[in-house]
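Feature annotation from TrEMBL assigns domain 'PTS EIIC type-1' to 1-259. The transmembrane segment annotation in TrEMBL covers 15-35, 56-78, 123-141, 148-165, 171-195, 202-219, 225-247.
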Amino acid sequence: IKLPEFLGFFSGKRFVPIVSAISGVLLGIVMAGIWPPIQNFLLNFSRSMIGANETISAFIFGVVQRALIPFGLHHIWYNPFWYQFGEYTNLAGQLVIGHQAIFFAQLKDGVEVTAGTFMTGKFPFMMFGLPAAALAMYHEADEDKKKLVSGILFSAALTSFLTGITEPIEFMFLFVAPLLFAIHCVFAGLSFMIMQLLNVKVGLTFSGGLIDFILFGVLPNRTKWWWVIIVGIIFAIIYYIGFRYVIRKLDLKTPGREREESEVDIDISDGDLAYKILDAFGGSKNITYLDACIT
């Protein structure tokens, strides 16, 4: 970026951080007026969901949370459910607020666990459903590419199974198969709803992986945690068959099914990689929007 000579100090590489800092301050001032009404709407909408029907609320919660993953806004959605909704007075007479805090307080007090509706539903599709989807994508990959994609798919599946971090798998089919992602969102909602109907309450500290399942479901043994495994296996079968069918039927270009492209030798010197990538995208005029998500 070139500026007039008297502003030369702010040209080039210095321009971006300076403009970013100023824009961030201005955006913060604007959002201070815009965001509170949005926050109040989300809060009131979430409260009305819980007050209406907790089973239906669990389904809506699961669908919306997954649907917001591509935008990185899922943290805003589950925050009031986990940290603001519900009240419980522990044995020490202290008021505990929020489903997550209530779950751990009830676990500590040794009383019946009633919190966890908006957490338990993660386990079946994160531990079983998405790893099965990864296996389906592997089996639908071209034979000569299976070895190449196996490491990516199975490491992502293991990450989802152990820790509940699902983005590595979800982003493999989100953009090439939005229909699959939409179906996945519905199944996530069903997972939450089914766990609520079965009255299974397993809390978590981070996400719905094996580690949290063992620590807060199996070891305390205070809820019917085995239903997670039973429902999870059913979800795995549905995910596997469903993904294979849709990928094959619609010829979706999931990992390992991309068309062959000719190799081109590119001489890239130090510091030129970004410019070469920009050229490959058709130049700056061919790019209308850029975004990034910290998660």
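Numbers run from 1 along the shown chain.
Heads up, the Cβ atoms here are built off N, Cα and C, so glycines get one too.
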Ask   = Counting Cβ pairs under 8 Å to the transmembrane segment (123-141), which of 56-78, 148-165, 225-247 comes out on top?
value = 225-247
Request  = Among 15-35, 56-78, 148-165, 202-219, 225-247, point out the range having the most Cβ pairs under 8 angstroms from the transmembrane segment (171-195).
outcome  = 56-78
Ask   = Hey, which of 15-35, 56-78, 202-219 has the most Cβ-Cβ pairs under 8 Å against the transmembrane segment (225-247)?
value = 202-219
Inquiry  = Please compute the mean pLDDT of the model over the domain 'PTS EIIC type-1' (1-259).
reply    = 90
